[in-house]
Every structure is written in structure tokens, then in C-alpha cells.
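Taken from TrEMBL, the feature compositional bias 'Polar residues' covers 31-45. Summarising the annotation, TrEMBL assigns compositional bias 'Gly residues' to 258-268. Per TrEMBL, the feature domain 'Potassium channel inwardly rectifying transmembrane' maps to 74-184. The domain 'Inward rectifier potassium channel C-terminal' annotation in TrEMBL covers 293-382. Annotated region 'Disordered' per TrEMBL: 31-50, 242-268, in sequence order. The feature transmembrane segment is assigned by TrEMBL to 93-114, 157-179.
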């Protein structure tokens with residue numbers, strides 16, 4: 001028996017069981033290929049240069065790291081110390097947190113050691129001075145043997161300065177800790193995208209459709225969700241040719257994409273072109289999908305590949321060679337905190353399953369509450385092509401057909 005169409009694009013994911021005799025598996029492909037794509041974060045473009053994801057799935061909320069900053073570039077971070085501390089890794093922030101307090105205690109303990117013995121009773125060595133500094137900063141209360149002499153103005157002034165300094169440090173550090181805990185960045189990780197996208201031919205009009213799932217894992221809904229879809233392709237702008245063109249991308253420009261042109265001496269041997277062309281992809285029935293998110297349901301983001309789409313009349317091989325990437329942005333307002341959140345995800349040609357559709361997600365009643373079964377959120381099947389509306393929500397308690 002001939003290999004099924006999606007076997008040409010196998011990537012090792014766990015699939016729902018598929019009946020090899022299903023006629024839906026023999027729909028025509030937009031491209032025939034024997035390439036097995038690599039689903040890692042990098043690959044090679046047509047000219048052999050390395051290609052990296054714009055949105056790394058493991059670091060979708062981290063952004064792109066900066067290299068090669070000019071000497072003294074650290075001053076830019078120091079001048080905006082609040083956001084530097086707010087955005088630094090957790091382990092580094094904890095290290096700074098402890099170092100700030102230890103530095104304060106150490107600095108004032110050295111000052112107390114310089115005072116006469118009669119001014120700070122009981123401070124005979126550094127450990128005593130350190131403990132006296134901690135007591136002063138934390139307002140723990142002095143003991144009978146370790147207390148300042150009110151008749152010494154210098155010690156009184158030191159105590160006043162340390163108390164004010166400790167209060168200022170406490171307020172700043174508590175504000176940073178609260179801001180890090182309340183940051184909406186972590187909330188965006190509860191917006192889930194399907195691990196893969198599917199590409200199938202619609203039976204009603206024969207047009208190809210790119211589809212993936214999007215859902216809010218938390219049970220409360222989002223306010224004013226907005227979804228946008230972009231098609232990204234690296235272009236060579238060294239000669240000013242990376243201009244946007246209306247409608248579909250001109251195939252004649254394919255040779256200039258992904259760093260073709262090769263005359264830029266600033267590019268590293270293992271780098272990738274840092275200039276991209278973006279085109280918006282139309283989302284089918286966007287209002288309904290936004291309403292699904294408002295109601296706490298999942299959304300199906302569908303892009304119909306019509307003339308004018310940058311994906312029209314292009315094979316997956318060609319898109320892979322050009323370094324193409326589909327970016328999805330979902331913005332909304334969290335009703336509990338009123339914070340604006342943004343979730344981002346991307347799909348490359350290696351993430352697309354040919355001639356498959358998502359198996360249904362079921363609505364279930366458990367304990368008198370209506371809920372969604374996310375156990376098959378990423379499951380796809382070629383069988384679903386034969387079922388009309390197979391990517392909609394179904395009621396009942398049975399598992400989706402073919403889903404393991």
C-alpha cells in the first residue's frame with residue numbers, strides 16, 4: 001500500500017490512530033515532498049544560512065537577546081534600574097535582593113565599630129557591630145547589653161540615617177517583589193496554543209486552510225480579546241530591496257529572501273538575516289473566534305489560502321527554504337486584575353501537519369459544572385476530514401474517535 005500523504009511530512013509526534021483506507025487521506029497536496037522537516041528552533045534556508053524562529057516556543061515571553069552593544073552600554077540598564085531589576089532572571093534578582101540588605105548591614109556595622117566604646121555599649125568586635133546594625137535596621141529592639149548611648153550625637157545620627165535608609169530599601173524592594181509577582185507576563189503563559197497547525201482542503205470550495213487552536217486555560221473569560229495573524233519572511237535589505245509589496249509575495253524575490261545577496265560583511269557565519277517582511281493574514285470568521293474566548297471556549301484560528309495570500313501557490317518546501325514563519329498574537333484584558341496581556345506563538349512549515357484536522361474537544365458536565373476536556377487539545381486525525389465540523393465543540397462524554 002502506498003504511503004499516506006502525511007507520512008511524507010512525518011515529524012515523530014504522537015498521532016491519533018488513522019484508518020489507512022480512509023479516502024480523506026488521498027486529497028491532493030499543494031506540494032509533494034519527501035523532506036522530513038526538523039522541528040527544532042533552527043534550520044537552514046535556501047542559501048544554506050541558519051534560520052532561527054522569531055518566536056522561540058520555549059522563550060516566547062523573553063524577547064530577543066541583544067549582542068554587540070557599544071562600550072558603556074551597561075549604563076543604559078543602570079539608568080533604568082527599576083526595569084532592569086524587574087526583568088532580570090529570578091535567581092539573579094534573589095541574589096541582588098540578599099546582597100542589598102547584606103551590604104547595608106555591613107556598611108553600618110563598620111561605621112559603628114569606629115565609634116567609642118562608651119557610645120555603643122557591648123560592641124566589642126565586628127560580630128557585635130553586625131548584630132547591632134541588624135537590630136537597628138529591622139527595629140528589633142535593643143538589649144540591655146547592646147544599645148546606643150543617647151549622650152553620643154554621632155551614634156544617634158548614625159542610627160537615624162540607618163533607620164531611614166532601611167525604610168527606603170524596604171519600600172523599594174517590596175515594590176519590586178510585588179511588581180514581579182503581579183506582572184502580566186506570567187498570565188500570558190496560561191493562553192495555550194496547539195503544538196502544531198494543520199493544513200487541509202475544505203470540501204465545500206476546495207480551498208486550502210491553515211488552522212490551529214487557541215484557548216484560555218483559566219476558567220474565567222478574557223475581556224476584549226483581539227487576535228492577529230502575521231506571515232514573516234526574512235529578506236535581504238542590504239541594498240534597499242526589502243520593501244513591502246502589495247498582495248502576494250513576488251516569486252522573483254525569493255532569491256533575495258533569507259540572506260540571498262550575501263554582500264553584508266556584518267553578518268556572522270552562523271547568523272541569520274535580521275530584516276523581515278510582514279504581511280497580515282486574514283482570519284476566517286474572526287468575530288466568532290473572539291466570542292469563543294470571551295465565553296471561555298477555545299478558538300479555531302483559520303486562514304483560507306486564497307489568491308493574494310503570501311502562502312498562495314507556494315509549497316511547504318519553498319516556505320521552509322525561505323525561512324517563512326506564521327506569527328499569532330492574542331491580546332486581551334484579564335478581568336481579575338485589569339492587566340493587559342499578550343500571548344504569542346509561531347508556526348514554521350515543520351509544525352504543519354498535512355491533510356489532517358483537529359479532533360473534537362468535548363463539553364462535559366462534572367460535579368454540576370460545565371467544562372472543556374483539554375486531553376485531546378493537540379490531537380489531529382485524517383479521519384476528521386471526513387466529518388463535517390469535526391473541529392467544533394461536541395457534547396457528551398466519549399473520547400474523540402481515534403484519539404488515544
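Note: Cβ is positioned from N, Cα and C throughout, glycine not excepted.
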Secondary structure tally of the domain 'Inward rectifier potassium channel C-terminal' (293-382) (DSSP, helix then strand then coil): 16 helix, 41 strand, 33 coil
Folded-back contacts onto the transmembrane segment (93-114), same chain, C-beta under 8 angstroms, at least six residues removed: 85, 120, 123, 126, 129-130, 132-134, 136-137, 155, 158, 162, 165-166, 169, 173, 176-177, 180
For the domain 'Inward rectifier potassium channel C-terminal' (293-382), the mean pLDDT of the predicted model: 88
Three-state composition of the domain 'Potassium channel inwardly rectifying transmembrane' (74-184), taking helix and strand from DSSP: 79 helix, 4 strand, 28 coil
